[in-house]
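> Swiss-Prot feature annotations, pasted as is:
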type     : residues : note
SIGNAL   : 1-22     : signal peptide
CARBOHYD : N37      : N-linked glycosylation site
CARBOHYD : N47      : N-linked glycosylation site
CARBOHYD : N55      : N-linked glycosylation site
CARBOHYD : N159     : N-linked glycosylation site
CARBOHYD : N183     : N-linked glycosylation site
CARBOHYD : N191     : N-linked glycosylation site
CARBOHYD : N363     : N-linked glycosylation site
CARBOHYD : N425     : N-linked glycosylation site
CARBOHYD : N429     : N-linked glycosylation site
CARBOHYD : N450     : N-linked glycosylation site
ACT_SITE : D508     : active site, nucleophile
ACT_SITE : D570     : active site, proton donor
Amino acid sequence: MIGSSHAVVALGLFTLYGHSAAAPAIGASNSQTIVTNGTSFALNGDNVSYRFHVNSSTGDLISDHFGGVVSGTIPSPVEPAVNGWVGMPGRIRREFPDQGRGDFRIPAVRIRESAGYTVSDLQYVSHEVIEGKYALPGLPATFGDAQDATTLVVHLYDNYSSVAADLSYSIFPKYDAIVRSVNVTNQGPGNITIEALASISIDFPYEDLDMVSLRGDWAREANVQRSKVQYGVQGFGSSTGYSSHLHNPFLAIVDPATTESQGEAWGFNLVYTGSFSAQVEKGSQGFTRALLGFNPDQLSWNLGPGETLTSPECVAVYSDKGLGSVSRKFHRLYRNHLMKSKFATSDRPVLLNSWEGVYFDYNQSSIETLAEESAALGVHLFVMDDGWFGDKYPRVSDNAGLGDWMPNPARFPDGLTPVVQDITNLTVNGTESTKLRFGIWVEPEMVNPNSTLYHEHPEWALHAGPYPRTERRNQLVLNLALPAVQDFIIDFMTNLLQDTGISYVKWDNNRGIHETPSPSTDHQYMLGLYRVFDTLTTRFPDVLWEGCASGGGRFDAGMLQYVPQIWTSDNTDAIDRITIQFGTSLAYPPSAMGAHLSAVPNAQTGRTVPFTFRAHVAMMGGSFGLELDPATVEGDEIVPELLALAEKVNPIILNGDLYRLRLPQDSQWPAALFVSQDGAQAVLFYFQVQPNVNHAVPWVRLQGLDPKADYTVDGDQTYSGATLMNLGLQYSFDTEYGSKVVFLERQ
């Protein structure tokens, strides 16, 4: 917890270049979402205040406060001394720090003029308040009407370079969320180059702070990393062309004493799928600056006269109740104001994916047999994975066929239509008339050199002039910056989905981007990809789309605009998945996680974990499925029971609030609780990863319940919410890998 001396500072800094001034009074309460008083601005949420003002002498925007609720007049800071090399701009908290005028910290924007200058002097011109939250051109964005959000746009202008910048601040008060983005427009006669652009820059007052991020690699995504913010620059990002497995575009700044359920935390999440940068700098004066936006190494964006570059959005969420509270605010906001799919909050079908069951080795007869066995298990959706396409270059391994999206005639002599019809005529076991649904795997952004498409259009693959085209997994990346490539993907996907009965698409992407012709290609690629997704998801709203980038490589808020679920990791080992899924939930709702029960020994780790444990871990994702050959399932008698349990918990997983009760990095007994929005139901997932010999299993205290209500636990004993939260529950486990799913219902 922050002590009282820190709390005074946190009330806000009101600083002018060269002198201090009395802070303006902006209303006596937070009754209005956005309040302006001349050139002072207040954004007010249920539990958050965001304040800044214009320096009347310089036109610069000065940060006053981002944190807990403040009202009325806020105190002025002590006037900073100006000594040494650091000028006044480097000694204050700035809203949109530019470069070249004495602030030696990381800038939010760096512009190179045609003459070579990189100095900017963006000054306040005007502002406007807009009801609701508007879309961004060509980019995914949060949305909301006048009841949900209010937007402040501050217009800046550089009189020397004729560059304009529009800073957008949208507040969703119910979620204590501020959403920021920037438009930079060249209003001059010559070309300019945007070398760096952050969607958000926050200068925190002097305090000791920690930073939290998600690091990893393929099959090892979303490991939580926490470290002390040191003097100097620290940070992370992606240069892979995508948000990537390596680092996720999520950052939290927290008080050192902050835990899951206590303390101040600020969460930042970029609504973007491309290369990004997240940087934190503690400057010489002790202020901490946090920036998220484009990766400057992969931008270099040319703007001709009249042209505009729009940054991705960054969502900033505040809570004084720990990281768990920040996560729940992200989850609610994204479910209601980012994810556009009709499936975002609706029950997901239990699925079986063919990949780990048969890999590339199948034909029409064997795939129909696999579907029949799936329906007999009680599965509702059968997904045919990689290996169904390619004529001259059949897809019988990963070294050929990508780009040739027609059924392999050797495997499907009559095409896919009769296969889909046969499978969707199967009745799901345990139902009277529910028919099995059919889904399919595609990897539209990729091409194998061994393909007809590549032989006809080698220029469509990303390449840098004469340099060799580096293959990964025997494939190259199509250049989605090209409209012709975008149209090709839209057209073949339309032909595949139109009138075929396919109701689910798994969209894969199994490598990073290499050999781009220019740094700006990365963002051009993303704009093309977003156009493709926007077109297809609008054209086929009844198709359930799943994003998959070799598992986890594009698990980001940008993708969630178009797809309601994402394959969380190619690692399906249940022990590893607990860590991956808990980490992913720092920013992203469990409803968006694809999680499957796979065969053992696990293909990635070689570990053997009990069937029930694997199932319980997978149930914590919004899309539960099986990734195995049904004929090899052990313990057939428990499969219908577990599938029924998965269907029972799914509505609470999709729309409930997640409480991470005990973290896998801290305990051998990780636990999570999901509480329905109305508080009437809850489901506890409790695991034992490794027992301690001759040691009691610890009690687990629940959270998020009504302390005055009574709850029935698994239809048996009844306890008060206060008892369950202050004392908790205790269970014993008979095996090394033990698990329990416990239902609670409010009386």
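Just so you know, glycine gets a Cβ as well, placed from its N, Cα and C.
Describe the structural surroundings of these features, if you would.
The 10 Å shell around the Cβ of N37 (N-linked glycosylation site) contains 12 further Cβ atoms across the protein chains shown.
Classification of N47 (N-linked glycosylation site) by DSSP places it in coil, neither helical nor stranded. All protein chains shown were included, and the count of other CB atoms within 10 Å of the CB of N47 (N-linked glycosylation site) stands at 18.
In this structure, N55 (N-linked glycosylation site) belongs to neither helix nor strand by DSSP; it is coil.
The secondary structure of N159 (N-linked glycosylation site), as reduced to three states from DSSP, is coil rather than helix or strand. Within 10 Å of the Cβ of N159 (N-linked glycosylation site) there are 11 other Cβ atoms, across all protein chains.
DSSP classifies N183 (N-linked glycosylation site) as strand under the three-state reduction.
Non-local contacts of N191 (N-linked glycosylation site) by the CB criterion (under 8 A, 6+ apart in sequence, same chain) comprise S114, N302, L303, G304, P305.
Cβ neighbours of N363 (N-linked glycosylation site) (same chain, under 8 Å, six or more residues apart in sequence): A410, R411, F412.
Counting Cβ atoms from all protein chains shown, N425 (N-linked glycosylation site) has 11 others lying within 10 Å of its own Cβ.
The Cβ of N429 (N-linked glycosylation site) has A375, A376, L377, G378, P640 as same-chain neighbours under 8 Å, each 6 or more residues away in sequence.
For the recorded site, N450 (N-linked glycosylation site), the DSSP three-state label reads coil.
A 10 Å cutoff on Cβ-Cβ distances gives D508 (active site, nucleophile) a total of 24 other Cβ atoms nearby, all chains included.
Long-range C-beta contacts of D570 (active site, proton donor), restricted to its own chain and to partners at least six residues apart, with a cutoff below 8 Å, comprise W218, A219, S550, G551, G552, Q604.
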> Ranking the glycosylation sites N55, N183 by other Cβ atoms within 10 Å, which is at the bottom?
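Relative to the other glycosylation sites in N55, N183, N183 has the fewest Cβ atoms within 10 Å.
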> Which number gives the other C-beta atoms within 10 angstroms of the C-beta of N450 (N-linked glycosylation site), all protein chains shown included?
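So the number of other Cβ atoms within 10 Å of N450 (N-linked glycosylation site) is 21.
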> For N425 (N-linked glycosylation site) and N159 (N-linked glycosylation site), determine the Cα separation and express it in whole Å.
68
> Compare the C-alpha of N37 (N-linked glycosylation site) with the C-alpha of each of the glycosylation sites N55, N183, N450, and give the closest one.
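Comparing Cα positions, the candidate nearest N37 (N-linked glycosylation site) turns out to be N55.
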